[in-house]
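Step one of this worksheet: look at the structure below.
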Amino acid sequence: MNSLLIITACFALVGTVWAKEGYLVKKSDGCKYDCFWLGKNEHCDTECKAKNQGGSYGYCYAFACWCEGLPESTPTYPLPNKSCGKK
């Protein structure tokens with residue numbers, strides 16, 4: 001019984017520990033989502049948790065939105081073949 005409980009807890013942690021994280025990126029131009037209030041940031045948290053992003057938490061780090069718990073399908077900075085502000 002205890003073994004089953006431990007195995008179940010491990011499976012739950014695998015999804016949390018191995019989830020993707022990174023800077024949220026605009027697909028149109030390859031730029032990061034800007035922010036100015038470092039640390040806990042409602043704008044970044046809302047953007048990261050949006051249905052099209054699927055993240056679990058977001059905050060402002062180095063003046064850009066950093067997201068945790070993203071699905072593998074969500075692109076993060078840098079995007080291949082798109083460099084922000086460069087042609």
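Along the chain as shown, residues are numbered 1 onward.
Here the Cβ of each residue, glycine as well, is placed from N, Cα and C on the backbone.
Annotated features in Swiss-Prot:
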SIGNAL    1-19  signal peptide
DOMAIN    20-85  domain 'LCN-type CS-alpha/beta'
DISULFID  Cys31-Cys84  disulfide bond
DISULFID  Cys35-Cys60  disulfide bond
DISULFID  Cys44-Cys65  disulfide bond
DISULFID  Cys48-Cys67  disulfide bond
MOD_RES   Cys84  cysteine amide
Disulfide-bonded residues (Cys44, Cys67, Cys84), the one with most neighbouring Cβ atoms at 10 Å: Cys67
List, in sequence order, those disulfide-bonded residues among Cys31, Cys35, Cys60, Cys65 whose Cα sits within 10 Å of the Cα of Cys48 (disulfide bond). Cys65
Cys65 (disulfide bond) to Cys84 (disulfide bond), Cα to Cα, whole Å, comes out at 15
Between 0 and 100, where does the mean pLDDT of the domain 'LCN-type CS-alpha/beta' (20-85) sit? 96
Which one of these disulfide-bonded residues has the most other Cβ atoms within 10 Å of its own Cβ: Cys31, Cys35, Cys48? Cys48
Considering the disulfide-bonded residues Cys60, Cys65, which residue's Cβ sits among the greatest number of other Cβ atoms within 10 Å? Cys65
Using C-alpha atoms only, work out the spacing between Cys44 (disulfide bond) and Cys31 (disulfide bond) and round it to an integer in Å. 14
Considering only the disulfide-bonded residues Cys31, Cys67, Cys84, which fall within 10 Å of Cys60 (disulfide bond) when distances are taken between Cα atoms? Cys67
Expressed to the nearest Å, what is the distance separating Cys35 (disulfide bond) and Cys67 (disulfide bond) at their Cα atoms? 13
Spatial separation of Cys84 (disulfide bond) from Cys67 (disulfide bond) - C-alpha basis, Å: 19
Could you check what DSSP calls Cys60 (disulfide bond) once collapsed to helix, strand or coil? strand
